[in-house]
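J.: My questions will all concern the structure given below.
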Amino acid sequence: MFVMCKREFISLFKGIKSIIMIAILFAVSYYAAKFSSVLSSGVELTAGEAEDIHTIGLLSVILLLGQLFVFGLSHDTINREIHERTMRFLVTRASRSTILFGKFLGIWFFWLFCIVVSFLLISIFSKKFDLFIFSQTMSLVTYQAALAVLLSVLIPRPGYTMFLGNILGLMLPAFGFWAAFSPNGWVNWMKYFIPFYYLERDDFTFLVILGLAGMMLLAAYAVFRRREC
Amino acid sequence: MNAIEAKQLSKAYGAHQVVMGMDLAVRKGEIFGFLGRNGAGKSTFINMLTGIVSSSSGTYSLLGVEGPDSKVLKRVGVMPDYSSLYGSWTALDHLRFFSELSGARASKEKCLEVLRSVDLLSHANKKAGKFSFGMKKKLGIAQAIIHDPELIFLDEPTSGMDAESVILIHRLIKEFQKQGKTVFMTSHNLDEVEKICSRIAIMRDGIIDKIGTMEELRAFYRSTITVKIKHSTVPKQEQAKLEQWLESAGSLLEHGDTYTVITISDENKIAEMIRAFTQCKTDVLRVEVEEPSLEEIFLNE
């Protein structure tokens, strides 16, 4: 699993897309933290919100564009290998669980690296490393990575996942917030399957997001273990 | 112990049965040739054994371990058909990664040695995307053997290769056998299979139609042994007698003054035939025996 994880982790740093995304993430984190006093002066904030104001830039990017970023880089993590038949070399050497979970961990560590660096940049101005917000952010990224892996297993053609990934990446945050705050019973129940409901609380319910990610990964594995390569 | 053992192994796609309850045992150290027309089910059979597709029913074991088992895959090398390499990786990158994935990262020296064995040493640092079809095939073989496996599956290993490379790969396969490895290969080149395989199976419509050594397969077709005899002129008074004898021995295809072609069912009749010529005061100058080729056996329905 370590070999697959390492390969996926390193491959995510290659390519112009990832460089642009990392640049956006770091730039937004740094400048939003740097000018957080300007942001806080314009709006009335509670003491807790004022304390976390340095992370607002990073959280906004992750909440609104995170899914798009993760899909952008990893929508084809499994299906491209099946489509191009390089997967044949992998499944004849390693178990399918090793391949799937190894790839997921590679994606997860890539985002862990990016988020840690972003938080370190923020800490230059906030003078602290907020572990709670960091954990919440990582739980959201875990969910997003698991969804990308699931999509890549369910849809065999990389072209389709790219298209669907872009649509979902843009729609999911909007839909998530709508489901979380809408009184409409037809939509409201869906909030339990989307991370935003768990993130708006200041307690450890965000851990449920990890459970959702785990379920998506198990579903992806159930499909992948029967998939012809 | 058998290197490969399949019992009632089947694969169906909906109502379409591709492999139908196949039983097969491949002994350790064999070079086993697997033949069949396109769509006969041979690639599906290999793909089931190597974990590329799952079987619908039946069991199999590789190197004594019941499959599918990911641990045994580390002792198995596979060159799958219809596979492609990573275009942006060099040949060395491929071998390093695949050896690592098999449990032991090969040293640079080991990678170069394997590349040398498939005549790709001078292309070690070239990207696979720039390789010709034949070179990709060679790299496919190299990645299959980089971790020194005990059992090697080669699906059409020499298709698309130039003659010189084909000879090189044949030598390499024979070398594997000397090292005690088992090779299971498919090929459309019947001549190749006939030359290098210890046993052969012919698959037809999802089942094994014939299996055995070349000798055993030929035994099914002894009726088609063709004997060409070059002889001295048969004396006129002996001609009718000899002709009568030949007609009783087999199917006379050609009978001239100095040349006779006959098909017989039993090779023991060759000696009797020579005696018959001698008794008819005719010298036998040359005898050519044509046994059925694998091509004839393969094409025989």
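Using N, Cα and C of the backbone, Cβ positions are placed for all residues, glycine too.
Predicted automatically and left uncurated, TrEMBL annotations should be read as such.
Positions annotated as transmembrane segment by TrEMBL: A:12-33, A:53-78, A:99-125, A:131-155, A:162-181, A:204-224. Annotation source TrEMBL lists domain 'ABC-2 type transporter transmembrane' at A:58-198.
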J.: Can you break down the domain 'ABC-2 type transporter transmembrane' (A:58-198) into helix, strand and coil residue counts using DSSP?
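T.: Split by secondary structure, the domain 'ABC-2 type transporter transmembrane' (A:58-198) comes out as 118 helix, 0 strand, 23 coil.
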J.: Near the transmembrane segment (A:53-78), which residues from the same chain, at least 6 beyond its ends, have a CB less than 8 A from one of its CBs?
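T.: Result: 8, 12, 17-18, 21, 24-25, 28-29, 31-33, 36, 39-40, 45, 87, 99-100, 103, 107, 110-111, 115, 118-119, 122, 125-126, 130, 133, 137, 140-141, 144-145, 147-149, 151-153, 158, 161-162, 164-166, 168-170, 172-173, 196, 199, 220, 224.
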J.: Which range wins on Cβ pairs under 8 Å with the transmembrane segment (A:131-155): A:12-33, A:99-125, A:162-181, A:204-224?
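T.: That would be A:204-224.
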J.: Using Cβ atoms only, state whether the transmembrane segment (A:204-224) and the transmembrane segment (A:12-33) have three or more pairs under 8 Å that are 6 or more apart in sequence.
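T.: No, the stretches stay apart by this measure.
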J.: Going along the chain, which residues at least six beyond the ends of the transmembrane segment (A:162-181) come within the CB cut-off of under 8 Å?
T.: 63-72, 75-76, 147-148, 151, 155, 187-188, 190-191, 194-197, 200
